[in-house]
Amino acid sequence: MLGNVKKTLFGVLCLGTLCLRGLMAEPDAKELVNLGIESAKKQDFAQAKTHFEKACELKNGFGCVFLGAFYEEGKGVGKDLKKAIQFYTKGCELNDGYGCNLLGNLYYNGQGVSKDAKKASQYYSKACDLNHAEGCMVLGSLHHYGVGTPKDLRKALDLYEKACDLKDSPGCINAGYIYSVTKNFKEAIVRYSKACELKDGRGCYNLGVMQYNAQGTAKDEKQAVENFKKGCKSSVKEACDALKELKIEL
């Protein structure tokens with residue numbers, strides 16, 4: 001009788017396992033990307049590559065971009081810029097802003113492809129449309145200096161503003177700079193303040209200069225010094241020099 005009980009229990013357990021297997025779904029594309037990131041953190045690049053490949057096959061743009069980065073940097077695979085470009089392109093086509101931005105970098109610098117500032121600007125433009133902050137900032141710089149696209153200060157400012165809104169501190173600083181040279185000091189202060197809040201020492205230094213010189217605000221030497229200190233702690237040489245000139249120790 002005991003033998004029959006054991007057989008019954010075993011049968012139930014087997015049935016439970018079969019049911020469990022049936023309920024356990026394969027990881028979806030997003031989960032595969034997360035698994036890939038975890039494997040990469042553990043320096044298991046071969047396993048990470050496998051996860052990213054599967055995610056990319058499932059049309060996850062971020063997975064394709066990670067795979068491209070592995071080929072660009074030679075992690076878990078031989079370094080291969082052509083393959084990197086192939087996967088960045090697929091990521092960009094799948095509307096991943098990082099992929100578009102990285103493609104822009106490669107075309108701008110002529111890495112793995114012929115140098116082409118115009119094509120780079122097109123990829124940066126798509127990256128920006130997809131709300132990739134760095135893409136907006138770099139595209140703004142291209143318009144600012146007329147590289148690969150007509151020079152357009154108004155367009156540059158709009159792009160810097162968008163980058164700043166997306167919490168890109170260089171975008172805030174560049175927007176602040178344009179406002180400064182056009183004597184719109186109050187707007188410059190707003191942008192430099194945001195850059196400083198984003199822990200960018202250059203923004204803190206620029207804000208301090210405006211506070212010290214009473215540009216767009218009442219003169220405030222005490223607050224200026226505090227911002228020079230923040231800048232100096234972030235290794236901004238000009239901020240450290242300002243403190244030395246004022247004979248103030250960090």
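Even glycines carry a Cβ here, placed using N, Cα and C.
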As recorded in Swiss-Prot, which of C172, C204 forms the disulphide with C196: C204
Between C196 (disulfide bond) and C64 (disulfide bond), the C-alpha gap once rounded to whole angstrom: 34
Overall pLDDT of the repeat 'TPR 1' (29-62), taken as the mean: 95
Cβ contacts of C164 (disulfide bond) (under 8 Å, same chain, 6 or more positions away): G171, C172, A175, R191, K194, A195
